[in-house]
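Peer 1: Sharing the feature lines straight out of Swiss-Prot:
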type: ACT_SITE; residues: D205; note: active site, proton donor
type: BINDING; residues: H5, E180, M181, E182, S204, D205; note: purine D-ribonucleoside binding site
type: BINDING; residues: G21, R25, R44, R88, I89, G90, S91; note: phosphate binding site
type: SITE; residues: R218; note: site 'Important for catalytic activity'
Amino acid sequence: MATPHINAKDGAFAETVLMPGDPLRAQLIAETFLEGAELVTNVRNVFGYTGTYKGKRLSVMAHGMGIPSASIYTTELIKDYGVKNIIRIGSCGAVTPDIKLRELFVAMGASTDSKVNRMRFNDHDYAAIADYTLLRTVVDTAAEQGKKVTVGNVFSADLFYGVQPNMLDVLSKLQVNVIEMELAGIYSVAAQYGARAVGILTVSDIIPTGEATSAEERQTSFRDMMEVALDAAIKL
């Protein structure tokens with residue numbers, strides 16, 4: 001049945017859903033890679049599609065920007081539509097220049113400046129981590145495709161603008177490699193409701209140097225990330 005934010009019918013989603021932030025990237029993935037892709041939800045222009053990839057039924061749906069938006073969509077997919085596996089595919093900014101532009105990054109753990117996980121966890125710190133089986137599947141799939149990935153930790157920031165002074169130094173010292181805006185929420189939602197989640201990201205910015213990809217490139221390219229995510233998804 002429909003939820004406040006998803007108007008799909010029961011059974012409309014596959015057990016595994018790839019989730020970019022951008023609805024247009026979801027549309028691109030569905031139209032480029034999925035056979036028989038059907039638009040199953042479009043509330044607020046947040047598109048969700050279901051089709052098949054190499055014979056396996058898969059879905060792709062956008063989650064928007066930030067932990068609150070991503071948490072809404074992942075919660076409803078898991079609780080109301082029976083989704084078992086979430087693979088976030090998105091972009092991130094590298095904290096240090098040793099991680100290169102367009103490199104693939106798999107998020108093992110997610111720190112955050114958001115309070116949402118403390119609210120879930122009786123005001124204590126929660127270790128938001130990827131499901132190991134999904135993480136290993138993504139890493140192995142990348143290796144099979146001959147694609148280099150870095151596995152490490154992300155910082156899920158509430159603010160896109162306004163990073164605290166010296167924050168990059170703190171993150172680097174504590175081995176937090178990249179910044180994004182959703183995974184600390186997605187990982188905790190998946191754990192709370194008994195699902196599994198992992199994030200595979202493409203480095204779109206090198207924060208200390210100012211190197212960056214264009215908005216168009218972030219929407220329409222990053223094909224390596226998509227191929228790894230799709231080929232990992234059909235193994236689940």
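Glycine too: its Cβ is placed from the backbone N, Cα and C atoms.
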Peer 1: Going by C-alpha distance, which of the recorded positions E182, D205, R218 is nearest to R88 (phosphate binding site)?
Peer 2: E182
Peer 1: Taking the Cβ of R88 (phosphate binding site) as the centre, how many other Cβ atoms fall within a 10 Å radius?
Peer 2: 25
Peer 1: Closest to H5 (purine D-ribonucleoside binding site): which of the recorded positions G21, R44, S91, D205, R218, going by Cα position?
Peer 2: R44
Peer 1: Within its own chain, what residues at least 6 apart in sequence put their Cβ under 8 Å from the Cβ of S204 (purine D-ribonucleoside binding site), listed in sequence order?
Peer 2: S91, C92, G93, L101, R102, A212, T213, E217, R218
Peer 1: Quick one: Cα separation, R44 (phosphate binding site) versus E182 (purine D-ribonucleoside binding site), in Å?
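Peer 2: Given the Cα positions, R44 (phosphate binding site) is 19 Å from E182 (purine D-ribonucleoside binding site).
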Peer 1: So, three-state DSSP: helix, strand or coil for D205 (active site, proton donor)?
Peer 2: strand
Peer 1: According to DSSP, which of helix, strand or coil covers E180 (purine D-ribonucleoside binding site)?
Peer 2: strand
